[in-house]
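What TrEMBL says about this protein:
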type	residues	note
BINDING	R352	substrate binding site
DOMAIN	71-350	domain 'Aminotransferase class V'
MOD_RES	K200	N6-(pyridoxal phosphate)lysine
Amino acid sequence: MSDFKQADHKLLVIPGPIEFSDQVLLSNATPGTAHTSPAFIPVFGESLKLLRKVLLSKEESGSQPILIAGSGTLGWDAVGVNLIERGDKAVVLNTGYFGDSFAECLEIYGAEVTQVKAEVGNIPEDSAVIKALESKPKVITITHVDTSTGVLSPAKHFAELVKKHSPETLIVLDAVCSVASEEIQFDDWGLDVVISATQKGLGVPPGLSVVLASKRAVEVSENRKTPPQGYYISWKKWIPIMRNYEAGKPSYFATPPVQLIYALNTGLKAMLEKPIQETFEAHKAASKYVKDQLTEIGLGFVPKSRDIAANGMTAVRFPQGVTAPDVLPKLAEKNIVVAAGLHKAIVTEYFRIGHMGVTATNRQRGDLEKVINGVKDVLGKN
């Protein structure tokens, strides 16, 4: 066992990046290793297999994990490059800032985008989703957790609507802020693409774009009428590489971030020492604690109800007469870093607390208690 301990620092409780465990950070300090090394290939291959387990997908389903150097945003481009051809119809279920951004990305690749927008703090109405599906779009996107509002979309329910009303439509889940902090059943829900990143619920430093694509999505990308509209992010380039790593064969297209993949491997193995459902339940418990404590001191939230509030973060409304400069700098003085508002319609009205990864699953750290006590102190509620 190593005696490595990360340096003292301000507690980072934003909706990502998050706090990282000592063992994950130590893995990120792996010595220089070739990406085709016999030592590294099985680590990469195992990481791909473990990702399926986190997303509750079986290898025999044909789902394809893809890990590429980049951010969660690169996942939007992956969808645009590999699944969209100019003139294709796409529907974006919009619950905030990140729905706007995904729509903009798809439009750049030539999609004809219809947005189904929800009132701030709410989810799209079923009737509006069904209406949008009448066009039989090639792709529909669901932002599972929009960090600008803290809204949790009912991904399973929306997927069922798609299967009923437009079964050929590919279902894309933007799960950048939900993988490992919210339950996702890739196979059972019939999802086609999940996009994410490492620095949120997966509890690994930023730098990896995380994608899981269904067999159907891969086939659509392979059978395009026109070439992919990108080079670096083309699945035609990357999927053979991923398959080779899983098969234990050295392969090269572009250099993967070797150290980050070691760190991801460590984080995934630690997470899967227990049934993944326990991780989901830990995040629900953390969310309940934070929201209950803030409710007790009279604070409200951006989501219209707790039923559609994320478990990995909380979007908290300021009390009357209080603004971000009254709260955030004072929390920082207490070595607590929370996030300001992001949604332009309410940007001055709220702040955001992240409670993902070790902050939620290792309650002995006392992260949540520190945040709540800090907020109470700053607001004079202790």
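Here the Cβ of each residue, glycine as well, is placed from N, Cα and C on the backbone.
The two recorded residues, R352 (substrate binding site) and K200 (N6-(pyridoxal phosphate)lysine), show a Cα separation of 14 Å. Summarising model confidence by region, the domain 'Aminotransferase class V' (71-350) averages a pLDDT of 98.
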